[in-house]
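Only one structure is covered here, and it is reproduced in the block below.
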Amino acid sequence: MMKATPIALLLAGVLASPLCAAGLDARLTLVEGSTDDVRVNLTLTNTGEKPVRLLKWQLPGSEDAPLFQVERDGQPVDYEGALIKRAAPSDKDYQLLKAGQSLTVQAEVSGLYDMSAQGQYSIRYLLPTVAQEGKAAKAKQAQASESNAVTLWVDGVSDDRVLAKAAVAEPQAVSASVSFSGRCTNTQKSDILAALDAASGIANNSSSYLAVDKPNGQRYRSWFGAYDATRWNQAETNFSKIKDAIDNKPLTFDCGCKQSYFAYVYPDQPYKVYLCKSFWTAPVTGTDSRAGTIVHELSHFNVVAGTDDLGYGQANARNLASTDPQKALNNADNHEYFAENTPSEN
């Protein structure tokens with residue numbers, strides 16, 4: 001497995017901008033200092049004598065849309081964002097750009113296009129034509145046009161697990177691969193892969209611990225309660241499946257969640273994990289870590305351990321272990337804290 005490397009912006013060439021129709025000039029520049037993720041500034045200027053109406057969803061912003069032409073080494077790069085069905089535009093869907101007025105917006109391109117592979121990239125903004133419906137408007141609608149192209153070298157996220165997803169034709173045959181959705185940036189992809197490596201480490205450690213019965217093991221007692229052979233075997237099975245999911249299954253991580261919690265999954269939809277705000281601020285390892293979050297979420301899948309959320313936090317998890325060990329075996333946080341093992345216990 002190759003280590004994920006940051007993007008190196010070694011070249012930011014700006015080519016000549018084509019003349020834009022309807023008096024609209026589109027200028028694209030790279031954002032300085034974006035060393036891990038590719039961000040661009042788009043400046044639109046109405047060079048005509050009349051106002052121009054721009055469809056808001058044709059401007060880079062919070063909503064996904066295939067607004068850029070991205071190529072790597074001369075070959076088109078896949079758009080990975082959402083494709084949205086919309087109603088016909090109404091007045092509220094337009095933004096007015098007066099004569100002589102400019103508008104600058106920023107876009108994070110590597111979150112919407114597959115820029116994980118190393119190579120020479122070019123990026124160009126495209127403003128498609130949308131037919132005007134209804135009566136003629138006082139302001140002209142912007143017609144099809146494009147910006148200049150910016151070019152840059154990208155080191156990419158070089159990881160065998162990411163590349164594996166493109167090498168397999170049959171979905172059921174995919175193994176040990178990682179894919180991304182929800183506008184994951186290259187920084188986020190690298191962070192996820194680092195967390196996944198750490199999750200693999202603590203899952204392996206947990207499986208090794210459970211491979212030999214330890215009736216007096218304090219680590220087990222803290223998180224799964226008093227020793228019982230049947231429950232011990234169940235814990236061993238659960239972690240064997242968690243380890244297998246990390247090592248051998250096609251994992252998908254979605255970065256689109258804006259909620260304050262750590263992550264969530266749909267138990268009957270393996271192996272997709274939705275990562276939220278608290279995940280990104282958590283440490284890689286330790287209590288309530290990124291690695292532990294991955295273990296927690298994978299345990300929820302019905303094909304893994306089918307755990308529930310019966311109590312959150314170490315205090316509640318310890319209480320479950322001491323008062324109802326069977327429920328502790330069904331609680332995702334108990335699996336997470338057993339795997340994280342902080343503070344360390346034997």
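Glycine is treated like the rest: Cβ placed from N, Cα and C.
Keep in mind the model is a prediction, meaning the values are calculated, not measured.
What Swiss-Prot says about this one:
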SIGNAL    1-21  signal peptide
BINDING   His296, His300, Asp309  Zn(2+) binding site
ACT_SITE  Glu297  active site
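Overlay of Swiss-Prot feature records on the structure.
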| residue | record | Cβ contacts under 8 Å, 6 or more apart |
| --- | --- | --- |
| His296 | Zn(2+) binding site | Phe262, Ala263, Ala332, Asp333, His335, Glu336 |
| Glu297 | active site | Ala263, Tyr264, Val265, Val273, Ala332 |
| His300 | Zn(2+) binding site | Val265, Pro267, Gly306, Thr307, Asp308, Ala332 |
| Asp309 | Zn(2+) binding site | Asn331, Ala332, Asp333 |
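Sequence-ordered, the extra residues of this chain that approach the Zn(2+) site, with Cβ no more than 8 Å from the Cβ center of His296, His300, Asp309, are Val265, Glu297, Ser299, Thr307, Asp308, Asn331, Ala332, Asp333, Glu336.
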